[in-house]
Structure formats: C-alpha cells, structure tokens
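Colleague: Just lifted these from Swiss-Prot, have a look:
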| type | residues | note |
| --- | --- | --- |
| SIGNAL | 1-18 | signal peptide |
| DOMAIN | 19-147 | domain 'C-type lysozyme' |
| DISULFID | C24-C145 | disulfide bond |
| DISULFID | C48-C133 | disulfide bond |
| ACT_SITE | E53 | active site |
| ACT_SITE | D70 | active site |
| DISULFID | C82-C98 | disulfide bond |
| DISULFID | C94-C112 | disulfide bond |
| BINDING | D119 | substrate binding site |
Amino acid sequence: MKFFLILGFCLLPLIAQGKVFQRCELAAAMKKHGLSNYRGYSLGHWVCAAKYESNFNTAAINRNRDGSSDYGILQINSRWWCNDGRTSGAKNLCKISCSALLSSDITASVNCAKRVVSDKNGMNAWVAWRNHCKGRDVSQWIRGCRV
C-alpha cells in the first residue's frame, strides 16, 4: 500500500501538469474548436494571444496586483471569468472553475475565450493581445501550418 501511495505522489506532477503546445499544433486545435474567424478574429490573432499570454502553456498561472489570477493558455482572469475560490468579488461569467482552464485539453479555455470575446471589449480583454497582436500582421503565427 505504501508503494502505491509513493507512486501516486511521484506521478501526480505528470498527471496534473498541462501542456506546452507547438505553434502549429495549437493553431490546429484552436481551428478544430471553432476559433478561426470567431467574432471576426483570425486564427493568427488567437495563436498570437496565446504566445504572449502563456507561451503556449496550458498550465500557466499568473497573479495580478488586484489579487486576481490569470489561468491557462489564454490567461483567463479569475476576477471576471472563472472561479478560483480565492478572488473576492469574482463574477465567474464563464461559470467554470479556473483549474479547468489548466488542462492539456483546451476545450474549456476555448469555450470561455468565446464568452470573453463576445463581450463589448472583444480581444481587448487580453493585454498581451493589445500590446503584441492588435493592428499587426498576425499571419506569421499560422504560416506553414496546415490549417
């Protein structure tokens, strides 16, 4: 029994960690989940946002000065979009646990991102997108990808 307990603790980091996508792999996954031209934003915009938000890492978590945190490949914020159980006054507009956004399966992140971008601010909700992708040629982010 002790052996299995130790084995479980050793394997937990492997099970719990997310995934770091390759650029074209992420582009294909995002396209499969319907982000290509979603709300008028090309696939290049989504891949660019993911690069600068999380470096394509689904397990990324970053704390903000206001006490909220950003989660997952698109760094979805706990103040507005998900519930992390510790952000006071959180709205949880995606009606999802923030931990669900850390999965190697990006379905939850994409579904919540669709909700975020449907808001009046669109992709302006993502600071990294505003700073690195908005108004720029983002075709480089899908160049050479079979999407």
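If you go along the chain as it appears here, the first residue is 1 and each next one adds 1.
Cβ from N, Cα, C; glycine included.
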Colleague: Fill in the CA-CA distance, C98 (disulfide bond) to D70 (active site), as an integer in Å.
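Modeller: Taking the Cα atoms only, C98 (disulfide bond) lies 9 Å from D70 (active site).
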Colleague: To which of the disulfide-bonded residues C98, C133 does the lowest count of other Cβ atoms within 10 Å belong?
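Modeller: If we count Cβ atoms within 10 Å for the disulfide-bonded residues C98, C133, the smallest count is at C133.
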Colleague: By DSSP, how many residues in the domain 'C-type lysozyme' (19-147) are helix, how many strand, and how many coil?
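Modeller: Split into helix, strand and coil, the domain 'C-type lysozyme' (19-147) gives 51 helix, 14 strand, 64 coil.
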Colleague: Can you work out the mean pLDDT of the predicted model over the domain 'C-type lysozyme' (19-147)?
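Modeller: Overall, the domain 'C-type lysozyme' (19-147) comes to a mean pLDDT of 98.
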Colleague: Just name the winner among C48, C112 (the disulfide-bonded residues) by count of other CB atoms within 10 A of its CB.
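Modeller: Answer returned by the neighbour count: C48.
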Colleague: If you count Cβ atoms within 10 Å of the Cβ of C145 (disulfide bond), leaving out that atom itself, what do you get?
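Modeller: C145 (disulfide bond): 17 neighbouring Cβ atoms within 10 Å.
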Colleague: What is the one among the disulfide-bonded residues C24, C82, C94 whose Cβ has the most other Cβ atoms less than or equal to 10 Å away?
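Modeller: When each Cβ's neighbours within 10 Å are tallied, C82 tops the list.
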Colleague: Starting from C82 (disulfide bond), work out which of the recorded positions listed here (C94, C112, D119, C133) have their Cα within 10 Å, and give them in sequence order.
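Modeller: Passing the 10 Å Cα cut: C94, C112.
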Colleague: Measure the Cβ-based neighbour count of D119 (substrate binding site), defined as the other Cβ atoms within 10 Å of its Cβ.
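Modeller: Result for D119 (substrate binding site): 14 other Cβ atoms within 10 Å.
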Colleague: Neighbour count, 10 Å Cβ-Cβ cut-off, for E53 (active site): what number do you get?
Modeller: 23
